[in-house]
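Notes for the one structure printed next.
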Amino acid sequence: MELTNITGLKGEVTVPGDKSISHRSIMFGSIAKGTTEVHNFLQGADCLATIDCFRRLGIEIENKETSILIHGKGLHGLSAPANLLDVGNSGTTTRLISGILAGQPFDSKLSGDESLNSRPMKRIMDPLRQMGANISSILRNDCAPLFITPARLHGIHYDSPVASAQVKSCILLAGLYADGETSVTEPSLSRNHTELMLQEFGADLRLIHALDGSTKATALIRPCDELYGQKITVPGDISSAAYFIAAGLLVPDSEILIRNIGINPTRAGILNVCEEMGADISLLNQRKEGGEPVADILVRTSRLHGITIKGEIIPTLIDEIPIIAVMAALAEGTTFIRDAEELKVKESDRIETVTDNLKAMGCDAIPTADGMVIRGGRPLHGAAIHTLLDHRIAMAFSIAALTAEGHTKILDSHCVDVSFPGFYDTFENLL
Ligand code: S3P
C-alpha cells in the first residue's frame, strides 16, 4: 500500500466489532448449552481462526451475513479434533483455548504461524500445570505447537506476574473444569471481557478488588453445571477506532465521528491519553449494550503535547501503543512510555518495530527496556515501513503516512486483515 499526506478528513465511520469480545463469544457459546447469537462479529482472520478451531472440536457454527449462530453443546460437549488446531496469528485463540482444552477428555495439538509459534506460552503452561494439566511445548521451547492431553484439574490461586487478560482468561476457563475454586490475582486489572461475559453466560464468578489501596485485582471462579447460550451484540473495537481517533487529531482540518465504540475502562486508556495530550475529543451518546459501555467518539484536529504514560494505565492501552507513539511523534515535546515490556511479546517486538519505523520517517525515537522515548514535533517524511506482518504496525504507520511529506510504502499491508478487514476502504467515507 502506498500513501501520501492529505488534509480534511471529514465524516462518520464505523469500525468492525471488538476482537477480544468476538473471540470470547465463539468460545463461550461453544461450551454453553443452546444457541448463542452474535451480532457485529469481527470477521478478521484471528476470530475466523477461533471459529475454525471450535468447528474442529465438533461445534456447528453458522457464519451468516448479519450474525453468527453457535450451536453450543454444553460444558462437556466438545469432541476430539481429527487434526491439528490451526490458531493462525492469534495469541488470544491460543491462550484461551488452551484453558478449555486442558479440561477435556481427549488429546489436542495446536499450532500457528511463525510469529505465533515464537510467542511465549510458559505464562499459561505454568499455571495450567499447577492445576494438574498435561500441556507441553512440542519443540520444548515454551512456545506453540502445544500438545494437551487429558488430566484431572484442581483449583488453584494464581498470583500472575503480568497483567494479561489472556493468561487470566486461560486460568478462569480451566477453572470451569477444575475441582474447587480457582482464582487469579494480577498486578493491575487487564481487560475484563472474560469476567463480564462469563457472568452473562451464568458462570459462578466474582471480582475482588484489593482493599489495601493497591492496584491488584482478583477474579474467582467456581465450577458450575452448565453455561447457557446468549444473544451478544459486539461493540465496535476501540483498538480499531484508535487509528481514526489519531487520524482525526493529526490530519489538518479534520473532524471525524466514530460510531458505536466499546469504552470499557479496562480498554479505554487511549481516551485518557488523548485528553492529557490536549486532544479535542468528546464521547457522545454514552450507553450500555450487553453489559459493556458504548459511545460515539468525536475528534477534531488538535495540537498535541508530549506526556508520560506508565503504570496501571498500560494494560488498558497496550494494543494502542503503536498509534499513540505516532501521535507522540507529531506532538510538541517528549513522550515517555514506561512499564510496557509486554510490547516485546506481541505480534512483533513492538518496542523495536515502532521505534525503527518512526526513525525511518525522521522522528527521534529511542527504544528502552520497558518502552520508548519519543521526542516529538519534527515533521515526518515518507519511508518504507517494515510491518513484520504485524497488523497494528501497518495501521499505525498508515496514519503516520497521511501526515508525512512524500510517499510512504506499507510493506505487507494485507496483514491489517487480522483485526480490521476493509481498513483502507473505511477512509473512502472521510475524503
Ligand atoms: C487480549 C489481551 C491482550 C491484547 C490482545 C488481546 C485478549 O494480550 O494485547 O490483543 O483478548 O485477551 P495480553 O493478555 O497478552 O496482554
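The backbone N, Cα and C atoms fix where each Cβ goes, and this holds for glycine too.
What TrEMBL says about a protein is an automatic prediction, not a curated fact.
Database features (TrEMBL):
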type: ACT_SITE; residues: Asp319; note: active site, proton acceptor
type: BINDING; residues: Lys19, Ser20, Arg24, Ser164, Gln166, Asp319, Lys346; note: 3-phosphoshikimate binding site
type: BINDING; residues: Lys19, Gly91, Arg119, Gln166, Arg350, Arg392; note: phosphoenolpyruvate binding site
type: DOMAIN; residues: 5-426; note: domain 'Enolpyruvate transferase'
Annotated binding-site residues Ser20, Arg24, Ser164, Gln166, Arg392, filtered by Cβ under 6 Å to ligand 1: Ser20, Ser164, Gln166
Local Cβ density at Arg350 (phosphoenolpyruvate binding site) - other Cβ atoms counted within 10 Å: 26
Cα separation, Arg24 (3-phosphoshikimate binding site) to Arg350 (phosphoenolpyruvate binding site) (Å, whole number): 25
Ser164 (3-phosphoshikimate binding site): secondary structure state under DSSP, collapsed to three categories: coil
Distance check against the residue listed as 'active site, proton acceptor' for the binding-site residues Lys19, Gly91, Arg119, Gln166, Arg392, keeping those with Cα within 10 Å: Arg392
In the chain carrying Arg119 (phosphoenolpyruvate binding site), residues 6 or more apart in sequence that have Cβ under 8 angstroms from it: Gly91, Thr94, Cys143, Ala144, Val345
Residue pair Arg24 (3-phosphoshikimate binding site), Arg392 (phosphoenolpyruvate binding site) - Cα distance, angstrom, rounded: 21
Least surrounded among the binding-site residues, given as Lys19, Arg24, Lys346, Arg392, when other CB atoms within 10 Å are counted: Lys346
Neighbour count (Cβ, 10 Å) for the residue listed as 'active site, proton acceptor': 25
